[in-house]
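Heads up: the structure comes next, in structure tokens.
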């Protein structure tokens with residue numbers, strides 16, 4: 001047989017074998033299916049019900065996830081709050097903005113105030129330091145700010161950095177305090193000033209106590225301790241907002257009226273002087289910045305103005321108002337403050353430059369009045385528990401004398417708010 005024919009015969013044989021295998025497989029599958037059918041047909045009623053239940057459960061899994069449609073916010077039951085100052089729900093006094101949502105701006109300010117909290121018992125962590133050392137340091141920083149024409153916001157940023165750094169650290173030494181203070185001012189100047197002083201100038205004002213390398217090293221330590229949270233709304237910032245809101249009806253440029261200050265610079269420096277004096281005292285750490293600014297506004301205007309522009313209720317700022325009473329009386333005894341003008345500083349910006357209008361002697365006078373009020377209140381109160389309350393309630397606003405402060409109309413500075421002084425005597 002030829003090879004070609006042989007190959008054809010072998011191929012045919014293989015194909016026949018393959019077809020035989022396929023046929024046998026088909027017969028086996030058909031027989032198994034028939035057995036399965038017969039088996040199913042012989043199932044009990046309970047087994048059929050169980051199988052239907054399983055099929056139904058599989059179908060129920062084919063669901064679609066709906067979007068979250070809850071309309072209310074889920075908030076923490078115990079919100080973050082500062083010491084002695086209750087966290088309250090304050091309505092927004094801000095007007096409508098064309099460049100932002102005023103409600104979002106106000107909510108952001110509220111969130112920052114809760115986040116940038118301070119501790120009035122900060123010196124418990126630093127047994128080598130005393131509150132008077134903080135006072136001396138801040139008084140010196142104010143002098144540095146005036147010499148270098150630094151803004152008030154720069155000083156208040158430095159103060160906030162200093163207080164929060166001390167809250168987050170332990171066992172600071174006396175010789176380190178000046179380095180921490182000048183470094184905080186260095187950080188604040190870089191954030192706020194357009195042309196901040198050079199690093200060498202900050203080292204120079206310490207009279208050799210701090211070198212440039214030490215300031216740079218301490219800068220990194222402070223920033224890390226603050227977790228890079230360097231944008232608080234300071235008491236100076238709140239005061240600017242309050243005065244803008246109080247003067248909103250006199251603002252002519254509605255597009256940019258709330259961006260640029262449009263209020264009496266004379267009224268601003270009177271209230272800023274009181275806040276400066278309060279900042280030197282360690283007791284200010286017990287209150288939020290917004291409460292301090294609102295209480296200062298109350299002491300120099302009246303209750304209606306302070307509450308309407310701040311969104312506070314009277315009972316919310318009453319503790320801060322009581323604490324601030326001796327400081328307000330001291331600034332009234334000192335008299336009015338005039339706006340200082342500086343070369344190379346725009347006239348409309350001079351009130352924002354930090355000036356050294358208060359000093360340690362003025363603070364000591366306020367603390368003496370505070371001690372007198374505490375003694376008077378203890379002696380006049382028969383209740384033992386009431387002796388814990390160390391401040392007197394200030395008189396109602398209708399007992400204050402009114403004196404409206406206005407600026408030159410030719411310079412188009414509108415009359416903003418009445419600077420009203422309350423007259424209190426210690427008997």
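Using the three backbone atoms N, Cα and C, a Cβ is placed for every residue, glycine included.
A TrEMBL annotation is a machine prediction, not a hand-curated record.
As recorded in TrEMBL, the features of this protein are as follows:
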type	residues	note
COMPBIAS	1-20	compositional bias 'Basic residues'
REGION	1-52	region 'Disordered'
COMPBIAS	24-40	compositional bias 'Low complexity'
DOMAIN	139-224	domain 'Cyclin-like'
DOMAIN	233-359	domain 'Cyclin C-terminal'
COMPBIAS	389-405	compositional bias 'Polar residues'
REGION	389-427	region 'Disordered'
COMPBIAS	414-427	compositional bias 'Polar residues'
Looking only at the domain 'Cyclin C-terminal' (233-359), what are its DSSP counts of helix, strand and coil residues?
83 helix, 1 strand, 43 coil
For the domain 'Cyclin-like' (139-224), how many residues does DSSP put in helix, in strand and in coil?
64 helix, 1 strand, 21 coil
Considering every residue in the domain 'Cyclin C-terminal' (233-359), what is the mean pLDDT value?
89
